[in-house]
C-alpha cells in the first residue's frame, strides 16, 4: 500500500524550477495532490472495509410476490405427499436443480393451518417476536456468496474507481513535469535556471541598474535646464539610432563629452569588487553561449505545448467516461451467482457499504477534474494567444540605458515568457547580461581598476627611434589612464576588439604614431578631430577589410599608412581606398597583402606618394600599369610578388631613387639597360632571386651607389660592375662566386663589401686599395690567408672571417685603428694567435659606434 508521502513525492520538482512554473502549473500541481488524496483515501477505505453484504432471496417470498395463491397451494401439496422417511432425509439442505425448502419449515406451516398443536403455538409466538427469515446458511457460505457477488453484481467502476483515480493523477503529474525531466530539455532548463539565478543575484546587475537610474536622473535635470546642456559630441561609431522623445540621449559607453564641460563621472556606484567583476564577466560569456545554444531550436516550447494538449485530452477522456458511470455506484445490488447447487438459493440482495462514500468522492473528483480541465484550456489559450517563440525587451530598453538589448526567439524566448509569469524582475535583470553596452561598461570598470596610471607607466619603453612607446595586447578595452600619458609618442593596440578612443586623447599632444593590430577602434568625434590634426603615422593590421575603421580614410594630415591584411582581387572593390583621395598629405603607403594587381584606387593618391611598398604573400602581381601614374615615387618595393622580369612600368618613374625587387623569380635582368633613364636611381636591390649573370649594360646606371645581389645564382662578377665609380655598397653574398676580380680596386668609394657564403679562396691585393671600406664580410668561403695589406683599411670597423680555412691572423690587424674585437667575427682559436699587444689594441673600447654591414 502506498502512503501519501510516497505518492506525493512523484510530483515534487526541484525548488530551483519554481521560477519556470506559472500560476496555472502551480495550481494544477495542488489539484493533482488533492486528487491523489482522494484516490488514496478511497483505496484505503476499500481495503479496510467489507466490500458487499448479501442475503438470499427466499423462493416463497419471490413466488408470493408474483403468484401468492399458487405458491401457497404448491407448498402445502408438497408437504402432504411427503412421507416420514423423506422428512428425515430432507432435514439436510437439498442441492438439486429445483428450489426446495426445509421440511421443518413446511411441517410447521402445515400444522399451523390444519393441525394446530401446542408446539405450533409456541413457534408462532417466536415468529411474532423475531423479524426476518431463517435461511440456515453457515458463515462460510455467507463469506463465499459475498465474494462471488462482489465480482458478479458490483459494477466494475465501483471496484476500480480509487485505482483509476490514482493512475489518472499520476499520468497528469508526469505530463505536467515531463519537460523538466526529458533529457534534451532538462540540461537546457537546468543551465538556464542556474544562469538566471546568478544574474539575478549578481552585484553587477544592481550596480548597472543603479547606474542607469543615476544617468536618468542626470538626463532629467538636463532636460529641465534646457536642451542646450545636452552633450554636443557623441561617438561616430555608435550603433544606436536617433533618440526619441522618451529616450535619453546617451553614448554607447555611458560617458558623455561636451565642448564646455568635462566627462560626467558616475559616483562610487561603479566601483566593483574584483571577484564580483570576474563573476559578472563570466556570466556575460555564459549568457552569450547559452543564447547561441538554445535560440536555434524550439524543442522546449513544442514539448510544453504537447504535454498541455495531452493533459487536455486526458481531461476530456476522464470527464466523458466518468459521467457515464456516476449512477452505477449504488447501495443495493441484485446478485444471481448461479451456485444454487452449493447454497440452495438462486438470487441474493446485496448492499455495498462504500457506495455512498464512493459517490461523494467521485463527485468531488469530477469537480476537481473540471477545474483542472478549465485550467488546461486556459493554458492552451495562453500558448496560442501570443507568439511565445519571440520575446522583446522593449520595456527594459525604455526603462534603462541599455537600448541595445536584442530580442530573442525560440526556446530562449519561451523560457523568458515563463519566467515573466513568475516575476518580471527576473527577465529585466537577465536582460542586463544581453546588452553589449552593459558588458562594455563592466569591462571598462574592471579594466580601469586593473590598469592604473602607475602600471601603464611601467609598460612604457623606448623604441629604436628613441620614442616613448606603449604596447597594449589582448585587453578588453583601452584603459582611461592611457590618455593621461601625455608624453607618449607611439601607441600600439593589438587584439582589443572593443577599443574606444575617447576625447581624452586630446591630452596626448606628443602622440604622432598609432598602431591598430586586429583592433577596429571606435573614435568619438572630439577624439577624431584631434587625430585628424595630429596623427602622422598609422599602422592597421586586419584579417578582413571590413576591420579597417572608416575614419582612417579621413585623416587629412596623415603622412604614413601601413595596411597589413587580406586584400585579394575579389575584395579590391570593397577595400574603400577610393576615400584615400582625402589623404592629401600621404607620402608613404605600405601594403602587405596578397594582391594580383595594384588597386586602381591607390592612384588617387599617386601624385602625393614618395614611397610605395607592396609585400605580397607569394601571389603573382600581374598588372602594374598603374605604377606609371606615380611620378613622384622615390622608393618602390615589390617583394615576394612572383615577378619573372623587371616590370617595364618602373622605367617611367623618373624620380625613382631606390628599387627593391626582393624575393621574386627573376632569372635575367637584361632590361637593366633601361635604368639609364632613371637618373636618380642610387639603390638597386635584386636579392633573393634566381639571377645567373649580370649584363654589362649595368654600366649605364652611372649614379648607382648600392647594389644588392645576394642569394642569387651568380658564378662570376663582370668587370662592368666595377666601373660604377659611385658604388658604396656591394652585396653578393650567398652565390657561387669563386674569384674576386682585381678590378675591384677601381671602386675607390666602396664602403661596404659583402661576399659571405661563396667559394672565394684568394683575396686579391687590389681589394685593399679600397681604403674607404668600413665593412668587409668574407665569412664562409675557402680563404686560407689574409694578406698583411689589410692594415691599409684604416676605416674598417667590421671584419667577418668566420667559416674559412685560416690558420692564423695577420698581426697587422692591430693597425686598423677603428677595428675592435666586437667587430671582428672570427673563431676564438684564431684570435688567440694574435700577439698580445694586438689583442690589447683590439680589446680597447674607444666608444666609436659600430657600423655593421648594410
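Yeah, the Cβs are placed from backbone N, Cα and C, and that goes for glycine too.
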Worksheet entry | 139-159, 160-180, 181-201 - the range that TrEMBL marks as transmembrane segment | 160-180
Discussion item. I'm validating the feature mapping. Which of 316-338, 339-361, 362-384, 385-407 is tagged transmembrane segment in TrEMBL?
Written reply: 362-384
Practice prompt. For the domain 'Disease resistance R13L4/SHOC-2-like LRR' (676-754), give the DSSP counts of helix residues, strand residues and coil residues.
Written response: 17 helix, 12 strand, 50 coil
Worksheet item: Same chain, outside the transmembrane segment (160-180) by at least 6, Cβ under 8 Å from its Cβ: which residues?
Response: 2, 7, 10-11, 13-14, 17, 20, 25, 28-29, 32, 35-36, 38-40, 42-43, 45-46, 186, 189, 300, 303-304, 307, 310-311, 314, 318, 329, 358, 361-362, 365, 372
Discussion item. Same chain only, please: residues at least 6 beyond the ends of the transmembrane segment (27-47) with a C-beta under 8 Å from a C-beta of the stretch. Say none if there are none.
Written reply: 1-2, 4, 7-8, 11, 21, 159, 161-163, 165-166, 168-169, 172-173, 176, 311, 354, 357-358, 361, 364-365, 368-369, 371-372, 375-376
Fill in: Beyond the flanks of the transmembrane segment (362-384) by at least 6 residues, Cβ under 8 Å
24, 27-28, 31-32, 34-35, 38, 161, 165, 172, 304-305, 308-309, 311-312, 315-316, 318-319, 322-323, 326, 329
